[in-house]
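As annotated by Swiss-Prot, 4-aminobutanoate binding site applies to 100, 163, with the evidence given as similarity to another entry. Here Swiss-Prot flags 410-421 as compositional bias 'Low complexity'. According to Swiss-Prot, the compositional bias 'Polar residues' annotation covers 422-435. The disulfide bond annotation in Swiss-Prot covers 172-186, and the record cites similarity to another entry as its basis. The N-linked glycosylation site annotation in Swiss-Prot covers 47, 144, 157, and the record cites sequence analysis as its basis. The region 'Disordered' annotation in Swiss-Prot covers 354-435, 495-516. Per Swiss-Prot, signal peptide is recorded for 1-35, and the stated evidence type is sequence analysis. Per Swiss-Prot, topological domain 'Extracellular' is recorded for 36-259, 306-318, 546-555. Under the heading topological domain 'Cytoplasmic', Swiss-Prot lists 281-284, 342-518, citing a curator's inference as support. Annotated transmembrane segment per Swiss-Prot: 260-280, 285-305, 319-341, 519-545, in sequence order.
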């Protein structure tokens, strides 16, 4: 039997044990993390089904969020995965982007342990989405391989993130006046198709500077450099209302390398080649003609090929002006040769006419001498020189005559001269390099006639008697040889009337027109200097000019 003192002690021990057990259970409950409970709930598919069913219960996707109330704000941003190519002929560009849109739909708010509902594209068709379209897009494609490339997420507060992968071909108006030193601002415009700004507006998610991202590895273009992008927004009015339009400008600057190799350097080399013809002799007509025609055809081919990479614009570009000036230089080189050839022929014709008049004047000289006999020379010095030469001729003949019977030969030989009182130097005729020239023909006649009159007046040595010198004597032929023979030939060609025959007065050869024309000499300096000055002005103007198109800033 338990004593009365032990009963209270046992009851107290049970109470303490119960209190301790309760404290331990409470501590265990407090130490249990809420994440584990949330994880357990996430692992249950019934939670997702319950939340989605509750969201779509009574939801009408035909009505925008806040219908009849405040304006729906759609925030957008763009991530460019690939930019290009850019077509100058079609004036368009193509790019691949991730196009993101964010808005708040309070009808999709939910309570639960799940912070974000990550859903597939099947949910997109069951909720309201903005009717965004690209205003300047020519063709836009939403990728569907292997499934539609769409991302759809619903946050607990009703915020919705909708992302699509798109390939967009958009129009890029280009002003090609400065081609190929030009730059362009290619726009991408998008907005709501049906909702005016009184119901829906667009804004940039990260602000104007960071809402459009273009990585460097995504903008590797062949003919352009993507130097940056800017954003703006504008309001467009139409008969259905005013609409907000968001615009992104991609700034492109053209690369010059291709056009330098393909057009500019060949044009410069062709012009230089056309100017080489100025250093070719003007008589080389085939060579200079080939130079001119070949360079003109080459410039024509270059101008045609340069236009293939451009649209058929009605104005001239910077490259068109350069090609036109190069073509003008090449064509001018061909015209220059035509001018040289023309003036050379004119000069040769004038020289021929002067040459044809000279023999007529010479043939008229003997006729004047018959009417007006020549008087003795008035110049005493020339007369004395003539007499000395004739005296030397007589003395030489006399020395030879002492050993040879001159009398026998003189009866058989004809004398060189006829009796006359005219005095003209005979030795001048014999020493002349061309005794049959027009200038010496008249002097030859006078010299042949003047020999007998000169001999008697010439003082002689003692024991010698002056006498006529027969041309045909052997001693004379031995001593003077060819000179007297030329005199004899000239005298025999003279007729009884004293006129020169046509055969004794051969006309001088006509001028050949060889040498360098003055036009060529001027062209050798003028053409290169002018072309160099043109290139200097051309490149300084266009390389220092700001040719980048300006985008409109309407923020």
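Including glycine, each Cβ sits where the backbone N, Cα and C put it.
In terms of C-alpha distance, the listed recorded positions 100, 144, 157, 163, 186 place 157 closest to residue 47 (N-linked glycosylation site).
In the three-state DSSP scheme, residue 47 (N-linked glycosylation site) falls into the helix class. Take the CB of residue 186 (disulfide bond) and look out to 10 A: across all protein chains shown you find 26 other CB atoms. Tertiary neighbourhood of the topological domain 'Extracellular' (306-318): same-chain residues 88-91, 174, 176-182, 259, 262-263, 324, 542, selected by CB-CB distance under 8 Å and a gap of 6+ residues from either end. When the recorded positions 100, 144, 157, 163 are ranked by how far their Cα is from the Cα of residue 172 (disulfide bond), 100 comes first. A coil conformation is recorded for residue 172 (disulfide bond) in the three-state DSSP classification, outside any helix or strand. In sequence order, 76, 77, 78, 79, 161, 162, 163, 205 make up the list of same-chain residues 6 or more apart from residue 100 (4-aminobutanoate binding site) whose Cβ falls under 8 Å from its Cβ. Across the range of the topological domain 'Cytoplasmic' (281-284), the DSSP-based residue counts are 0 helix, 0 strand, 4 coil. Taken residue by residue, the topological domain 'Extracellular' (306-318) breaks down under DSSP into 3 helix, 0 strand, 10 coil. Neighbour density for residue 47 (N-linked glycosylation site): within 10 A of its CB lie 16 other CB atoms from the protein chains shown.
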